[in-house]
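Q: Take a look at what Swiss-Prot says about it:
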REGION    1-157  region 'Disordered'
COMPBIAS  45-68  compositional bias 'Acidic residues'
COMPBIAS  69-81  compositional bias 'Basic and acidic residues'
COMPBIAS  82-92  compositional bias 'Acidic residues'
COMPBIAS  96-119  compositional bias 'Polar residues'
COMPBIAS  120-142  compositional bias 'Low complexity'
REGION    235-263  region 'Disordered'
COMPBIAS  239-261  compositional bias 'Polar residues'
DOMAIN    293-583  domain 'Deacetylase sirtuin-type'
BINDING   318-337, 400-403, 527-529, 552-554, C569  NAD(+) binding site
ACT_SITE  H420  active site, proton acceptor
BINDING   C428, C431, C452, C455  Zn(2+) binding site
REGION    617-670  region 'Disordered'
COMPBIAS  641-654  compositional bias 'Low complexity'
COMPBIAS  659-670  compositional bias 'Polar residues'
Amino acid sequence: MTEYYGTLQKRPLEQESVAEGNGGLESGKKARGDSDVFAARSPENEDVDVDADADVDADADADADAEEDAQKDILEETKADELDEVVDEYEEKEVSSNFNGTASDHVGITSSNTGSTALAASSADTNSGSGNGTGTMATNGTLSDRQYAPQKPEHPIKLERRSVSRKYVFPVISKEDSLNARSYLKQFGSARFLDDYLPEDLNSLYVYHMIKLLGFQIKDKELMLAIQEVVHNADNDDSLPQKNSSETKNVSDTYTATYPSPSFEDPLEKKHAVRLIKDLQKAMNKVLSTRIRLTNFHTIDDFVAKLKTAKKIIVLTGAGISTSLGIPDFRSSEGFYSKLGDLGLNDPQDVFSLEVFTEDPSVFYNIAHMVLPPENMYSPLHSFIKMIQDKDKLLRNYTQNIDNLESYAGVEPEKMVQCHGSFATASCVTCHWKIQGERIFPNIRNLQLPICPYCYSKRLEFFKTKTDEELADGEDDDMDDHHGRSVPKSFGVLKPDITFFGEALPSKFHRLIREDVLQCDLLICIGTSLKVAPVSEIVNMIPAHVPQVLINKDPVKHAEFDLSLLGLCDDVAALVAQKCGWDIPHDNWNKLKNKVFDSEEVERGVYKVHPLNESPAELEAEEEKHLPLQQSTAALTPPVSLSADSPGRSSSSSPQPPTQTDIANNQTST
């Protein structure tokens, strides 16, 4: 590949690549050595004087410099195309009839008829190739501990050419070929990948085929038209490949294997060849920066089998696991943030901004009741995690939720990392006095600021409480500066120990995640859209051979999950538990245990799960019908800080003095 790129740089520019008109034509001629300048040095003109000869040499040098500049321009100005990922559109190979055992015993080659998988009977170093020179995925060991290594191609890619038309024919690329090539690139690196897949002599069409082999399609119409001009494409299909090597071996009188000649007569213009190289670089970078789905793990049965053998499961959870309890998620179309549009906030996420809270905590406390967790309640999904823990399979539950419901379900503190904190405790932003979170729940439900008893008297000095009559008269109740000192409105306010935007994640997260990702043998992401870093990066930290499963209402397209189970989290958990023969320790399990679920495969590795005879649309309508009041926008009240000049402003932002009993209890708890 490096030699090809070097040869390409030395290749004369085509006439169209330099300029239009006579000037471009002359430049092209000079580059090929057939211009009038060189003709003047023929034997008949040997009497040309030295000065004239020097002038000719100077002109030739100038032309060479101009040519070199033009070469640099085209290399520097050519940009890579936008690439469409099409690996999922490739056909799957049929399972070979000489495999022994059932389909569930093998992995690697997928049957397009049944969706089951089979493993090539060869070892990892067996050279079994296809028309693309790619092999199948080989493994050793049991299903639970197999390590999946991509096969080295039997031989470099070899393009064939029709004898009469002299047009090229590309081998057919299967999904397994593409996945193997992508895995080979990721495991062995760019240099070995190019050395093993490409012949020593190649042209630009080999580069195009490599882009296709990695699962990408070029979008540039001009470039595609140029390729179609030199490629046999009987069906006028943009994807171009027509026959595989097994078909062409029997028609040697029609097709001939071909490698480029040393004279380097590339079928495409240089500008197209340069673009293809840059497109290949872009495709390789995309592959190297993303996870590759496992070819042997894409069915519910694969998930069930792995659950039974896994010992170090990481469960990553989000707000979707609590929606069945009436707690809204955050980022869906019906989620928490979408409902905050009525509040007039520039950015709904401002309610969880540390900077905004410091300036005016009433912004948060006017909506906090909407996300306040129910006490001593948990969903079947929470109990599903507890079940995994009880079977000694749970390495860690990394939860993005702030409701602390996992603890109610019985997940042990050492098995749980609350990545974004929780309502379990609350702390004074001024003196950092800490109490149990449930003690400020009444304040939250009444839209009141909970005030630290130790900072209460000092806060009264800074912020005098105004009566409704004084507020109606327009008197300012804010005293942001006391004796020349700036005092934030959050002075003495108790804040739930949830991680706001602008705050660092708990040290426990950073301490454990580095070790856990190396031990993990199965990752299950549940009820999360994976939009918030650094928690969203966990999927990219897991070793490539570890299966990743998504259980969520909607797909997460920016991640590469091996298996996605789309539906209500409780339903999916019930289906999986049924197939495992396990009981979920939840009061509703007897009902869920006898429920029949339908799993519809919408594409490879993606299933929609819903109760039998109930469509997903019917389930969604039924779910919305029973939404609790706390998800209704009618329960929202504008934050006090947004209507400060209004005479009808709520007085709920005024500090509520704790009772003597409260102070006594608080002092006792310390």
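Even glycines carry a Cβ here, placed using N, Cα and C.
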Q: Highest Cβ count within 10 Å among the binding-site residues S322, Q400: which residue is it?
A: S322
Q: Between C428 (Zn(2+) binding site) and H420 (active site, proton acceptor), what is the CA-CA distance rounded to a whole number of Å?
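A: On Cα coordinates alone, these residues lie 18 Å apart.
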Q: Give the distance between the Cα atoms of S322 (NAD(+) binding site) and C455 (Zn(2+) binding site), rounded to the nearest whole Å.
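A: Computed Cα spacing between S322 (NAD(+) binding site) and C455 (Zn(2+) binding site) is 35 Å.
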Q: If you count CB neighbours within 10 Å, which one among the binding-site residues G318, G326, G527 has the smallest count?
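A: Counting other Cβ atoms within 10 Å of each of the binding-site residues G318, G326, G527 gives the minimum at G326.
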Q: Over the domain 'Deacetylase sirtuin-type' (293-583), what is the model's average pLDDT?
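A: In the predicted model, the domain 'Deacetylase sirtuin-type' (293-583) has a mean pLDDT of 87.
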Q: Express the distance between the Cα positions of K553 (NAD(+) binding site) and C455 (Zn(2+) binding site) as a whole number of Å.
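A: Cα-Cα, rounded: 45 Å.
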Q: Specify the count of other C-beta atoms within 10 Å of the C-beta of C428 (Zn(2+) binding site).
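A: Taking all protein chains shown, C428 (Zn(2+) binding site) has 21 Cβ neighbours within 10 Å.
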Q: Here's one to test understanding: among the recorded positions H420, C431, C452, C455, whose C-alpha is closest in space to the C-alpha of G318 (NAD(+) binding site)?
A: H420
Q: What's the number of neighbouring CB atoms sitting within 10 A of the CB on C431 (Zn(2+) binding site)?
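A: Step by step: centre on the Cβ of C431 (Zn(2+) binding site), count other Cβ atoms within 10 Å, giving 13.
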Q: Other than C428, C431, C452, C455, which residues of the chain come within 8 Å of the Zn(2+) site, judged by Cβ distance to the Cβ centroid of those residues?
A: V429, T430, H432, W433, I451, P453, Y454, G492, L494
Q: Within 10 Å of Q400 (NAD(+) binding site) (Cα-Cα), which of the recorded positions H420, C431, C452, C455?
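A: So the list reads H420.
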Q: With an 8 Å cut-off on Cβ-Cβ distance and a minimum sequence separation of at least 6, pull the same-chain contacts of C455 (Zn(2+) binding site), or say none.
A: C428, T430, C431, F491, G492
